[in-house]
Amino acid sequence: MAEKEHYERTKPHVNIGTIGHIDHGKTTLTAAITKVLADKGLAKAEDYADIDAAPEERERGITINTAHVEYETEKRHYAHIDAPGHADYIKNMITGAAQMDGAILVVAATDGPMPQTREHILLARQVGVDYIVVFLNKTDLVDDDELVDLVEMEVRELLSEYDYPGDDIPVIRGSALKALEGDEEQEKVILHLMDVVDDYIPTPERENDKPFLMPVEDVFTITGRGTVASGRIDRGTVKVGDEVEVVGLHEDVLKTTVTGLEMFRKTLDLGEAGDNVGALLRGVNREQVVRGQVLAQPGSIQTHEKFKGEVYILSKEEGGRHTPFFSNYRPQFYFHTTDITGVIELPDGVEMVMPGDNVTFTVELIQPAAIEKGTKFTVREGGHTVGAGTVTEIDD
C-alpha cells in the first residue's frame, strides 16, 4: 500500500474577510471563491446556504455569528471570514474575534457605496485592517460602462476619505453570482481577484517575530529560587537570560532577567507566542509583580491612562445594559487579565450611548495600563460584560 502523503504547511497563512453593505454580494463572492478554487483542487466548495447559516461563537462575552471558510491559492493558505448580519460584522471587527490582515470590500455596481459600505471602511481603518481590495459586483446588471466607472470613482473617493490609498487600490469588476453558476469568463475574474489579493495584501509578520509580550495571570514563589510570573505569551518569544520589563498598574517600570522557564512543569529553552509558561524572575519580590501587569521586551510597551477606543455596547438581549449611558460613566475596563476603572467622555454631539450601539469615546483610567494602539478590552460592570473595544489612539 502506498504511503499517505504528508501534509506540509509550506504556504504562508493570511486572514482575510469580505466586508460591505448588506445584499451587495459578500456571501455570494465567498461561495464563488471556494467554488472556483475547488475546481483547481485548492479548496472545498462551500454552499451559499452553509456560509449564510453561520454558527454562533462567543468572544469575550459576546455572541457573534461568523462563517469561517478556508482555501488555498498557488501561493498562500487563507482563512476567510464572512458574517451574515451587519451587527455581526461590527462585533467581529471590534472584538477582534476575526483578526483580518486584509479585506475584500464588495460594492454592488447597481447601488454604489451605501451607509454600511462607509461604516465597514471606517471600522476597518479603526481596528487596523490596512489593506483593502475592491470587488465591484453585479456589473453584468449595469448596461452602461460609464456608470460603473462612476461607482468606481465614488468607492475610491470614499476609501481616500478614511486614509486608504484610494487612487492605488486594486478594483476588480465582475459578477460573483455568474461565477458561482459556472460562467467561464466570470470564473477567470475570480481567479484574477485572488491573484490580486495574493499580491496586494502582504503576508503579516508572524506572531513570534513581534516584540515579546506576556500578560501576567498568576504570581507565586518557589522557595529558594524566587518569584515566578505565569501567563500565556501574547506575541514574540522569550528565553532564559532575556532581559524583560514588568509594565502596568504603576508608573515605574521594573527591569529584570528571566532566569528560568517552565511549561507543563517541565523546563523550557524557548517560550513562543501561544505558550502558557512560568517565568522565574531574578531579584524580584512576590509583591512587586501582580496579575494585570505584562512582561515585555524592554522599551516595547509603555503605560498609559488616557486613550480613545472604538467600542461595541451590548444590547439588552445580549445580556448588556438596559439603559443608555452618558459622559462620566465609570465602568471597569478589562485589559489583558485585570479590571481597571475608567471615566468615559463621549465625543462632541453624542449625548448618550444606547445598548446595541457602536461608538468612539475617550477613557481616562484611574491606574496606568500597559496598552497600545490595537489592544483589545472589554467594558464590564460588576463582573458582567457590557461592551468590547479596541484602543484606536493613545492620548497621553
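Backbone N, Cα and C atoms are what each Cβ position is placed from, and that goes for glycine too.
Sequence annotations record features per position, and here Swiss-Prot assigns domain 'tr-type G' to 11-205.
The region 'G1' annotation in Swiss-Prot covers 20-27 and is backed by similarity to another entry. Look at the region 'G1' (20-27): DSSP puts its residues at 2 helix, 0 strand, 6 coil.
Positions annotated as GTP binding site by Swiss-Prot, on the basis of sequence analysis: 20-27, 82-86, 137-140. Sequence-distant contacts of D23 (GTP binding site), defined by Cβ-Cβ distance under 8 angstroms and a gap of at least six in the same chain, are A108.
Within 10 Å of the C-beta of T27 (Mg(2+) binding site) we count 23 further C-beta atoms, all protein chains included. Residues or ranges marked as Mg(2+) binding site by Swiss-Prot: T27.
The feature region 'G2' is assigned by Swiss-Prot to 61-65.
As annotated by Swiss-Prot, region 'G3' applies to 82-85.
Residues or ranges marked as region 'G4' in Swiss-Prot: 137-140. Through the fold, the region 'G4' (137-140) approaches residues 24-25, 28-29, 106-110, 148, 173-178 of its own chain, all at least 6 residues removed from its boundaries and within a Cβ separation under 8 Å.
Its Cβ placed at the centre, H86 (GTP binding site) has 14 other Cβ atoms within 10 Å. With a 10 A radius on its CB, K26 (GTP binding site) counts 26 other CB atoms from all the protein chains. Mapped onto three states, the DSSP output places A83 (GTP binding site) in coil. A 10 Å radius around the C-alpha of T27 (Mg(2+) binding site) takes in these binding-site residues out of A83, H86, T139, in sequence order: A83.
Within the same chain, residues at least 6 positions away in sequence whose Cβ sits under 8 Å from that of G20 (GTP binding site) are K26, L105, V106, V107, Q116, T117, H120.
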